[in-house]
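Here is what TrEMBL records for this protein:
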- 1213: active site, proton acceptor (ACT_SITE)
- 45, 50, 53, 75: [2Fe-2S] cluster 1 binding site (BINDING)
- 115, 118, 150, 152: [2Fe-2S] cluster 2 binding site (BINDING)
- 260, 261, 262, 263, 264, 265, 266, 267, 340, 363, 412: FAD binding site (BINDING)
- 749, 780, 891, 1031: Mo-molybdopterin binding site (BINDING)
- 784, 859, 893, 962: substrate binding site (BINDING)
- 6-93: domain '2Fe-2S ferredoxin-type' (DOMAIN)
- 232-417: domain 'FAD-binding PCMH-type' (DOMAIN)
């Protein structure tokens, strides 16, 4: 568009910005990062689902006559929506160079920042809360974080650090909160050198609200001036901001296809991910008539531009003011708003937009429909008022208040409670004849049961003039089973579960109404009602962390001290530099991938003509542009694509937006091939396996089965898991212009592998390629091998165009092309005695590898017996070749899957024997000394529809790479003449604190403070041939390499120490320097005596084992399948901890990732291999509200490990499997629920234990009703 637009005026961190060419398609995030260079705000998902991009927006609100502050997702906020607003980013509230803000300081010192990529967003969410409420409650804090995700920490330290801002000042009320409870600290510990103190809260800077950034006075003046229509014309889009309802209606008549945008929470997603294009955008956010909120005779009238946050505030005030019987609808709306997206979305999403989206799974529309709310709809010259059930332009929305004798409830069922898309939602409204239980009218509406929100009209008609009793309930359930039908192929799947929910949720409503009727009519109230109808409560978590303190007299020994992550403060201020934060080169280009849309096909042609016509496009890169080899490993790439997401080519352009637009314009013609193999079952049917098939055998299996009292067979499927590192894969390739040299800045765990494969693709030797890794925003194994598929493409592009090229994948791209944790299927045959002792085991494991072998299986075989001693055992492992992107390493990598199947057969044995699971465990334990936890639990309460379960699960995790050659590490230690030390080693920092631990190792070895030691990055030009930072072995390997290098230096300095025993480190270094002593040293280490031979079933695959045990208690809702994590206690063996704060952080973070694996996270594919779950909107990792209400973590004391540096043990992967205790606690609760229906014995429960699987396993009269009607 060539139109001249208005100037966009706004402030960023107190600085005035006047943008004369505002681009409507540009988001605030892109503007901050690319135009202003403010890279503290991160891109995590581009859909408002992770919170990494959170900033605070402040503006004068003329309708509220005050300045408002609110957190927003910068990745969704259109730049043009910020006229006359003030934006505050993480850089604007504090810095290392000036002064930290208490919000930044506390998250860092409380050990709440690991990889740090999510930290700025969390900091800004907390900051925005404090600007509105300087002394919030803990509930306020938890609610503020509903739109933020963290994949590293497990959330607990973040909440504990920020608890110090709350009204109680951090007091846990005697719940044994971390860092010591003021009510129990005086009690003598059983072991005096065991402590809880990970940080000193008294060192925190106080919060002074009077010192915050003021709202720019100029904006206050501008905001109070008469408003006028604004227009911003971009390359393709015209943005118009009218200032009156009359103007809006005129514009809508002129541009009938224009989209109305207030928060951009839906249109932004449509334009980016659904390839929809809207050339004209109308922005009615500031129209006075659409921001109206006024009380009427029937209820409250709400303007269509009113945000959900404001709506919630208004309704809460009404609930406090009005009689209870008038506010049932208001309370129902508030209950739905509690779980509606995250705070950042609610702050900008409008009521009218929510209605007009007409989502089939809308949270609010079923409530509005059931309540007979009214819409006022306008167009130029006309006005309509009608009930909620249409799809026209909304101007006003009337919320109806209740009358006496009317009862209302709303329910939402979703996989995750916080910020999740509903599976089924409903609103239910019944009105009784005066002083009776006879139904006068009833409205029941459902979302998730049809393409639009629907009324159960037939059922409602059947219930008229009926008494509210068991007969009505039976009639209603039968009718709903018939009326709320779904096709077996209905979009969204979960057909049986969704149909069951319609009945289960009505049953909840029935009991709720029965309870209130009984109170109103003074009849008997049954206790069962309370447990079913009580609303989900977000409990404030409490926790304890215990570790063995450094003995008195050794306080100068930094090893064993809970030192803060060395980058934590930089991460909290946004000053920590990640790959995409590196400033753009002057002539830099951006790359976007072109990927296959078919799972198995032959490419017939590629048409790039439309793509090359997009402005700014420089080149299309394909296989023919590769100067070297297009082979990686044993795979030869040709014209055949073998998965959806297979990289076909790439577009290089001047901006990321142009590159991505052009990539979508590339047209590929395919000839589809068969078969398309997606699942393990597909692979088994087609005998599609990689070779070799591995097996392990011990004892006489056949004789073991003969000697057993009983034999059982069972199966279990374990779903895959996306690593979901907050920082997606990113590469910046810079050709150096001579001798084929290339410098790469990469977010990778494998610098040397990246170097080698790029060199191979470019046709140069490895010494021409330098790979540099400053830090990663998470890795978890996902950047061990799969990061190279991007870095090689970017390097080839940079070589071709002779300019720097950058690519950071969007979340949906990253999830599409990189694969994740391997799905597993296990079949087992178990022979056991009457006392539960397992005598013989035969297991067959199938792993879904995807379209290449990558890293697969062997660790699962080594861990298939977990901690148990089975005298006769045989295991066989098949690696399935399928048409999915290659799966790869993910924390624990095969080990958790192998151990999960082991616990499945242990569970089956316990259920078959009728014995407690812990007795069966004890009968088969291989550990000479069990690690136990303590605690008091309530088991299997409460009544028919709420059950509790308990489970204790051990883990035994082998430490070493199973590929022997990888068990090596190098280090380079440089001592400068001023005494400072530069440390370099082969490991990479991805949040686990490896660099921090390595500095501690060097500090202890050299006898100098940590402050004198610095690590800049990991680079292939300082330490060559490095192994990936993986297998939990990096501290062991690199720590020993550093130790060896430091010992060499100490030997060289010893003569100068002897000459000057009273001198200091600087004196000795300077003396050595003037004496021309070499002050740098290389260190090297390889783990001794490793190797396993599958042919002979002999050898030593691991250097040692890490042990742990966890006990968890859960509570399940048998009607919906939801569960609450009530309690978890963990004891973890980490040897002599190098850093208890980091190790406890790894335990908690690993546990929460395991919680996601076993109870929440599901990758969903179509039969054609298309990944549905490609971002936080559809793929749900654990959130703040998923942590156990009580969490206790203890590091095993007095357990030194002589096989690793300073008697420590690895900690990264071993804790993850302990989350299986939650899974088996859920299974224990389901067992109790099934007993109510007289169902006993083993039953299959696949992982993850989603609400769908839990509900379907709790078989009862409602599931039977659906199945009988559905012909299950």
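Glycine too: its Cβ is placed from the backbone N, Cα and C atoms.
On the structure: features taken from TrEMBL.
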residue	record	contacts (Cβ under 8 Å, 6+ apart)
115	[2Fe-2S] cluster 2 binding site	151, 152, 571, 725, 726, 727, 775, 776, 777, 778, 779, 990, 991
150	[2Fe-2S] cluster 2 binding site	118, 122, 158, 726
262	FAD binding site	283, 284, 285, 305, 307, 348, 349, 350, 352, 353
780	Mo-molybdopterin binding site	151, 723, 725, 890, 891, 990, 1153
784	substrate binding site	749, 750, 855, 888, 889, 1028, 1029, 1030
859	substrate binding site	893, 894, 895, 898, 958, 962
1213	active site, proton acceptor	891, 892, 893, 895, 957, 1031, 1032, 1150
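Taking every pair among 260, 261, 262, 263, 264, 265, 266, 267, 340, 363, 412, the residues listed as contacting FAD, the largest Cα to Cα separation comes to 27 Å. Residue 266 (FAD binding site) sits 12 Å from residue 75 ([2Fe-2S] cluster 1 binding site), taking the Cα positions as reference. Summarised by DSSP class, the composition of the domain '2Fe-2S ferredoxin-type' (6-93) is 15 helix, 31 strand, 42 coil. Highlighted in sequence order, 779, 781, 782, 784, 889, 890, 893, 990, 1029, 1030, 1032, 1212, 1213 have their Cβ within 8 Å of the centre of the Cβ atoms of 749, 780, 891, 1031, the residues recorded for Mo-molybdopterin, and are not part of that set. Cβ-based neighbour count (10 Å, all protein chains) for residue 45 ([2Fe-2S] cluster 1 binding site) stands at 28.
Excluding 45, 50, 53, 75 themselves, the residues of that chain whose CB lies within 8 A of the CB mean position for the [2Fe-2S] cluster 1 site are, in sequence, 29, 42, 43, 44, 46, 47, 48, 49, 51, 52, 73, 74, 76, 121, 811, 1176. Within 10 Å of the C-beta atom of residue 118 ([2Fe-2S] cluster 2 binding site) sit 30 other C-beta atoms, taking all shown protein chains into account. Of all the binding-site residues listed here (45, 50, 53, 75), 50 has the Cα closest to the Cα of residue 340 (FAD binding site).
Taking Cα separation as the measure, residue 45 ([2Fe-2S] cluster 1 binding site) is nearest to 264 of the binding-site residues 260, 264, 412. The Cβ neighbour count for residue 1031 (Mo-molybdopterin binding site), using a 10 Å radius over every protein chain in view, is 27.
The binding-site residues under consideration are 340, 893. Their Cβ neighbour counts within 10 Å are lowest for 340. For residue 75 ([2Fe-2S] cluster 1 binding site), the nearest neighbour among the binding-site residues 260, 264, 412, judged by Cα separation, is 264. It is 749 that, of the binding-site residues 264, 749, 962, has its Cβ surrounded by the most other Cβ atoms within 10 Å.
Mean pLDDT for the domain 'FAD-binding PCMH-type' (232-417) in the predicted structure: 88.
Counted over all residue pairs in 784, 859, 893, 962, the record's binders of substrate, the longest Cα to Cα distance measures 16 angstrom. Residue 50 ([2Fe-2S] cluster 1 binding site) has a Cβ environment of 30 other Cβ atoms inside 10 Å.
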